[in-house]
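The compositional bias 'Basic and acidic residues' annotation in TrEMBL covers 504-514, 521-531. The region 'Disordered' feature in TrEMBL is assigned to 504-531. Annotated repeat 'ANK' per TrEMBL: 40-72, 76-105, 139-171, 172-204, 205-237, 238-270, 271-304, 305-337, 338-370, 422-454, 455-487, in sequence order.
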Amino acid sequence: MGILSITDQPTLVQAIFSRDVEEVRSLLSQKENINVLDQERRTPLHAAAYVGDVPILQLLLMSGANVNAKDTLWLTPLHRAAASRNEKVLGLLLAHSADVNARDKLWQTPLHVAAANRATKCAEALAPLLSSLNVADRSGRSALHHAVHSGHLETVNLLLNKGASLNVCDKKERQPLHWAAFLGHLEVLKLLVARGADLSCKDRKGYGLLHTAAASGQIEVVKHLLRMGAEIDEPNAFGNTALHIACYLGQDAVAIELVNAGANVNQPNDKGFTPLHVAAVSTNGALCLELLVNNGADVNYQSKEGKSPLHMAAIHGRFTRSQILIQNGSEIDCADKFGNTPLHVAARYGHELLISTLMTNGADTARRGIHDMFPLHLAVLFGFSDCCRKLLSSGQLYSIVSSLSNEHVLSAGLDINTPDSLGRTCLHAAASGGNVECLNLLLSSGADLRRRDKFGRTPLHYAAANGSYQCAVTLVTAGAGVNEADCKGCSPLHYAAASDTYRRAEPHTASSHDAEEDELLKESRRKEAFL
């Protein structure tokens, strides 16, 4: 009953748990409150139903105990008897007019509880007293859902024999068959199918039985469904097949079975992602990725946004999987619809090790992506100093400056002061991002302090506008002009004055935690605004 200590219980309840019928009789004769409540509002009759002592239960009932008392969870003694699988106690309660339709806070009746607890005899006693066996609890599940969930074949069979509906759906439109597949109750699944359950049933999100079994790695169920003719490449509401789901969740054995059975390794979902994209992203998808590559998956297939599996691996920093993809022919400089290559993506998300791998395999550090930005723009904008250092090291600055130009050029062909489509250099991006270490790395590599964007703004304008105090100090110390005006005549001071970042909040207006969250949100918005 979930009690912490027997000594916390009323004296009468203590006697019941001790199964001391004489003590119970003595206490009742002393006018002990027969319906006394504990802290959870459970009565002595709840305790007796849980313990299963018939003589004590009879004594309580004959002495006027409330047979339909509800505790804080709205459980009655009849619920307790069903949970304890004690059909004798349950029968005695029913004989004293216990309410077979009583619902707890989850809207579960005693039949739901009996079905969930494999209490077949209790379910058998309750079923004839009910007008319907398909009553739903709060989640929409019937007693059959609960029996299938428990995996108890005998209880499932009993409910079916008594007229329970095979195709009843819960609130997510899942039938009992879905739960049998998800939990690997193969014999229960076979019984349901033999009784006429629909093998092609789908839930609200379009998950069929094969999707469901694949999600939880139920290999025997998957094999059985395939033998029964399940459509191996059937998509759910998002276009994902069972193979997509197995790869995303790292269900290696299921993925092998599906591939061996002829699943389409290149079928895209609604966003254009194939199982290989999904395996590249997944936390546990390394073996699935190898399986797909070895079975003909297209390593250069691009999604609707133009992202290849290598892009996806780069986003999530999947180092080993990136190596496998590259070794099997992934195009190293494949561009998505924004122009970003895997190197841009790795720089954006701060994956230094992956940047090294891409560069080692010939990735172009001077390739332009979104708004004509270099990967270096993205690394410094989002404050990844290690990535910045790695990208700068791709080609050390010439020790001498060309006699024809004052530009500082990387040996790999990247001019560190080359602007994006809006005239912003990497130094503008670093100033906007607010990472002083990135700023110093660029300055030491020859970045131009006074370079203006298309709106006439210098890096100092960006630092001031975004409240990057340390960056502003660094730029001014390095010689940035504090009075230089942009195309609208605004100096960095104007931008600083307009920025709410410099407005100090009163100490009692918000908690430090809230202030920190607000600052993180503002920082994120500033960086996204730059893009």
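Start at 1 and count along the chain as shown; that gives each residue its number.
For all residues, glycine too, the Cβ spot is worked out from N, Cα and C.
TrEMBL: automatically predicted annotations, no manual curation.
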If you average the pLDDT over the repeat 'ANK' (172-204), what number do you get?
97
Taking a Cβ cut-off under 8 Å, which residues six or more beyond the ends of the repeat 'ANK' (205-237) line up next to it in the same chain?
172, 177-178, 180-184, 186, 189-190, 193, 199, 243, 245-246, 249, 251, 253-254, 257-258, 261-264, 267, 269-270
Distant-in-sequence neighbours of the repeat 'ANK' (76-105), which means Cβ under 8 A and at least six residues beyond its ends:
1, 43, 45-46, 48-52, 54, 57-58, 61, 67-70, 111, 113-114, 117-119, 121-126, 129-130, 135, 137-138
May I have the DSSP-based helix, strand and coil counts for the residues of the repeat 'ANK' (76-105)?
16 helix, 0 strand, 14 coil
Reported in the order helix, strand, coil, what are the DSSP residue counts of the repeat 'ANK' (172-204)?
17 helix, 0 strand, 16 coil
DSSP helix, strand and coil counts for the repeat 'ANK' (205-237)?
16 helix, 0 strand, 17 coil
